[in-house]
Amino acid sequence: MTCGLLSVTVTFRRPAKWPGYFRHLCCRGAVMDLGPMRKSYRGDREAFEEAHLTSLDPMKQFASWFEEAVQCPDIGEANAMCLATCTRDGKPSARMLLLKGFGKDGFRFFTNYESRKGKELDSNPFASLVFYWEPLNRQVRVEGPVKKLPEKEAENYFHSRPKSSQIGAVVSRQSSVIPDREYLRKKNEELGQLYREQEVPKPEYWGGYILYPQVMEFWQGQTNRLHDRIVFRRGLATGDSPLGPMTHHGEEDWVYERLAP
């Protein structure tokens, strides 16, 4: 007698014992239904209205939300962000890294040019950033072209880092295949001895980027799922054609709109 059952759908609720619970289900070929996993966000009285914008310049609005995130004791790294890049033929990749500066011109981050993201930015210099501040029920999404920062700026930032981090950047040819972790340990120890009394030179393959924002979307969660989304866009040729009734002028060349959640 054979059984034709290929998989089982398991509706997730908090198990009596956590350790190994998901691994146990996966090993049994179960499909985990996580639909019931949800939490309450904000109430309608806390909705993010257009009148609540601190500025019609989205970079200033970002600065306001970022400051709140930095001051929130439940957020460990307010500058943590997801960077999404894409190959020329449309294959995306994403990873978490840290924002290292922002200003009127854009968002700065540093990495290894030989990494996957570095190669993708070289062949397709456009990217998206996502900041998610879960305790505040807020998210900011940014899109735009990316350019390498001047070598001098990268050099200055590199040498502002702890020496151990500088050595780590030299040790790791990011995204390359290595035999094991011991390989990294040995190389790190060797370079630690080599540069004990001297400056660590910045590798040519390490540097920074700036993302020039063309789209910035501010999202705030609502318990009833009628989330707030206000998006700013620029670079639009609006001079010869009037804006629609739901599109509004922001500062400089920005316009903004409310999007359905």
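Quick reminder: no glycine exception, Cβ is built from N, Cα and C everywhere.
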Pyridoxal 5'-phosphate site partner of ARG42, GLY43, ASP44, ARG45, TYR157, ARG161, SER165, ARG225, LEU226, HIS227 (as recorded in Swiss-Prot), chosen from LYS100, LYS104: LYS100
The one of GLN139, SER175 whose CB sees the fewest other CB atoms within 10 Å, among these binding-site residues: SER175
Local Cβ density at LEU97 (FMN binding site) - other Cβ atoms counted within 10 Å: 15
Cα-to-Cα gap, SER175 (FMN binding site) vs ARG225 (pyridoxal 5'-phosphate binding site), nearest whole Å: 39
Largest separation between Cα atoms (Å) of residues that the record links to pyridoxal 5'-phosphate, namely ARG42, GLY43, ASP44, ARG45, LYS100, TYR157, ARG161, SER165, ARG225, LEU226, HIS227: 45
Which of ARG42, ARG225, ARG229, all binding-site residues, has a Cβ with the fewest other Cβ atoms inside 10 Å: ARG225
Distance [Cα-Cα, Å, rounded] between LEU97 (FMN binding site) and ARG161 (pyridoxal 5'-phosphate binding site): 15
